[in-house]
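**Student:** Sending over a structure as structure tokens; questions will come in a sec.
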Amino acid sequence: MNAILAAFELVFTWDVMLTLVSAALFGLLVGAVPGLTATMATALLVPLTFFMDPIPAVGAMVTCAAMAIFAGDIPGALLRIPGTPASAAYVDEAYAMTKRGEAETVLGACVLFSAIGGLFGTAVLIFAAPALAEVALKFSSQEYFWMALLGLTCAAFIGASSPVRGLVSLLIGLLISTVGLNNPAGVPRFTFGSTEMLAGIDFIPAMIGLFAVSEVFRTIAAGAPPWDTVQTRVGNIFRNWGGMVRTYWRQQLRGNVLGTAIGAIPGAGADVAAYVSYAVSRRFSKTPEKFGTGHVEGIIESTSANNSSLSSAWVPALVFGIPGDTITAIVIGVLYVKGINPGPTLFLFNPQTIYAVFLIFILANLLMIPLGWLVIKFAKHLLRTPRQVLMPIILVFCIVGAFASNNAAYGIILMLAFGVLGFFMEENQIPIAPCILGIVIGPILERNFVTTMIKADGSFIAFFDRPIAAGLGLFVLAIWLSMLVSAIRNRRRGDLDEALS
Amino acid sequence: MLRRSVLGLTAAGALAAVLPFTAPAMAQYPDRPLTIIVPWGAGGGTDATARIIGSVLEKELGQPVNVVNRTGGSGVVGHSAIAEAEPDGYTLGIATVEIGMMHWQGLTDLTWENYTPLALMNEDPAGVQVAADSEYDTIEALLDAIEAGEPSTFRASGTGQGGIWHLAIAGMLNDRGIDPAKVPWVPSEGAAPGLQDLVAGGVNIVPCSLVEARALIDAGRVKSLAIMSSSRADLFPDVPTLEEAVGSDWQIGAWRGIVGPSGLPEDVATRLTEALEAVYNSEEYASFMQGQGFGVRWAAGQEFADFMAQSNTALGDTMKAVGLAQ
């Protein structure tokens, strides 16, 4: 109890509060600019933390990362440019709602459920960190393989309205992910002798191209028509909160639990959590046909999941110093510099520090609501801007983001190429989201498949000879089987209908 | 801030174009912002080292220093960007041990000779880590078991195929007269996933640096049996060197140093080396490196060039011996 009081004293001082608010605004700004990620925002803070005390230093990074992940939803909803890969899973859905004139509902949902998700993940972090970390540490390449396969299955078959088109998109993404040197054997593939291509296809310019540039092309090709529904103002974002929480509390809870579980496993982050949650939401929805047309249900579940996974990524980081994602990897370095060495001893010897960090997690997620409201109020002006003016501005931001991803003009070329690809995919009703997931997860799937094979001397039994792996494997196979059965059943029913008519 | 660095880059590019006409201004080098290229991702050890060097260098030179990441291709992309930059002293880079490895694998033609060596800033020797519940308590017992056992009894991980830690264990086994192929290498995306797999029971040995294994050693999940260096680490004084434990003089480590493109003007190189020496001796740099657990090592000019040449030869010999070189 004394430790908790000490923690309050550490956190509630003017300089800590000021640091948190500034870091939050910085995170919101970076997250809202397409192409600039939460990881970049955190990395840019590192030199500043050298001059700070431990608590404000960690607080600044935690707050900045949480804000950046949420802010990624804003350009996603308003302009169909996912600010971070974690927002890519539901960006089409959110944009469809904006086009229908429901921007306030979707942004309100994003703020509210991001904050609740973050708080849920924090609660789990506070109460279950050591126990959860034990489970997360049991994950070897076999388990990661099944996790990756589960993510891909979700994206292609459950999350998409047409499984065949989803599969086409996924395969395009997987093909793209094979480019470069970043494979287990370290052999250059499809690089055509180019040094830049050795780095492979970075998903940031690819994502900006597929979603945003293709949208710019389409608008220009259609002669930049005005918005279908004229949205003069983003209304009260708080208006639908009560109704949404009452109607979708199940989805929210499921998103939180799933996000927390996925986030706690090192290496599987907010993006996987969002995709899997969106697919789960569609699968168990009473109205799956509404998905993709601008329906808030899937957005609630996946935005809950990506923010809760962000908090639970700290479980292995704080308990074992194993980074759950790139953001925690950066913060672990800062923790060491500040003398807060991650490990079980942190909980024993420095309880006031760890409680102070938890307190900052809670504050960061609460701050998200007022600050998010401010940013949304500011961002709504985008919707009043005529599209002839808006589209070139978007293109400028896209170019900045694509360049900044690796500080090279190569990113801009990639972005343009993917803009063209995205344009033709959409003209043929091929969804884009599975392709992004293919680019992100493809290398994880390949790496874990190959390393498992190396460890087992090529024996496939290895994928089932560890308890967690066997469980996950059977789960994935069961999903495939159930899809096969329902596909056959549908076809039979189709034949029957034909015979009857 | 990022936008500032982007603008800075553009400005740097524009200025580089007009530089031939403003040659007399070189007298007051540096008169505009500098850029340090990092061939590895934001958040890693190299990135952190470059950022602390950059922030102290800023004060020494009185000009902003932007740190930019050019990642991918196992470091080839960033190292190429440094070598291809204008040799005017405004674009520098942090070179890593991989510069002496990539060309042996046939990934690039670049070698250390494509750079102007400025200052070696850090070196972290490899260690030999096993899970805490492993039955082997000494490096000697482990090596004996590897020698006596069937091939593939032990597997090791901790970086990509042909990466620095892969060479560390292969070279150690080679030095002891054991066929390196007896311990197959399981490629991983760096030390952290390798250590995670060590604890999860997927692999048996992770020959990464001790600082990378620090959290798990402190947590009592991993133990370190030896360090491949001439002296023990300050952080872990109980871990013996290979020399002390088994009498092997095999030494290897990951190093980082600041370099410029080849052909840097001599006065510029001297100015930078002086500034970097001040950085190296600064309180901020020392306390940061100590806090992170990173080792520090200084060498400048010709001494750094000799160091890189020697590292290059040793790595090449090992890679040829274990069949990793092309």
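Residue positions begin at 1 at the first shown residue.
Yeah, the Cβs are placed from backbone N, Cα and C, and that goes for glycine too.
Automatic prediction, not curation, is the source of TrEMBL annotations.
So TrEMBL says this about it:
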DOMAIN    A:18-437  domain 'DUF112'
TRANSMEM  A:12-34  transmembrane segment
TRANSMEM  A:54-72  transmembrane segment
TRANSMEM  A:106-132  transmembrane segment
TRANSMEM  A:144-160  transmembrane segment
TRANSMEM  A:167-185  transmembrane segment
TRANSMEM  A:197-217  transmembrane segment
TRANSMEM  A:313-334  transmembrane segment
TRANSMEM  A:354-376  transmembrane segment
TRANSMEM  A:410-425  transmembrane segment
TRANSMEM  A:432-450  transmembrane segment
TRANSMEM  A:470-488  transmembrane segment
**Student:** Can you check how the pLDDT averages out over the domain 'DUF112' (A:18-437)?
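**Tutor:** The average pLDDT of the model in the domain 'DUF112' (A:18-437) works out to 82.
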**Student:** Which sequence positions outside the transmembrane segment (A:354-376), separated from its termini by at least 6 residues, show Cβ-Cβ distances below 8 Å to it?
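**Tutor:** Residues 3-4, 6-8, 10-11, 20-21, 24-25, 28, 32, 55, 58-59, 62-63, 66-67, 70-71, 74, 107, 110-112, 114-115, 118-119, 122, 125-126, 234, 237-238, 307, 311, 314, 318, 346-347 contact the transmembrane segment (A:354-376) from elsewhere in the chain.
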**Student:** For the transmembrane segment (A:167-185) and the transmembrane segment (A:470-488), check the count of CB pairs under 8 Å (sequence separation 6 or more) and say whether it reaches 3 or more.
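**Tutor:** No, the transmembrane segment (A:167-185) does not contact the transmembrane segment (A:470-488).
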**Student:** Checking distant contacts: for the transmembrane segment (A:106-132), what same-chain residues at least six beyond its ends satisfy Cβ-Cβ under 8 A?
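**Tutor:** Counting only partners 6 or more residues beyond its ends, the transmembrane segment (A:106-132) has Cβ contacts under 8 Å with 66, 69-70, 73-74, 77-78, 94, 97-98, 234, 237-241, 244-245, 252, 255-256, 259-260, 263-264, 296, 299-300, 303-312, 314-315, 318-319, 344, 347, 358, 361-362, 364-366, 368-369, 372-373, 376.
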**Student:** Select the range from A:197-217, A:410-425, A:470-488 that forms the most Cβ-Cβ pairs under 8 Å with the transmembrane segment (A:432-450).
**Tutor:** A:197-217
**Student:** Let me spell it out: take the transmembrane segment (A:470-488), skip the flanking residues so only those 6+ beyond its ends count, and list any with a Cβ under 8 Å from a Cβ in it.
**Tutor:** 143, 146-147, 149-150, 153, 157-158, 163, 463-464
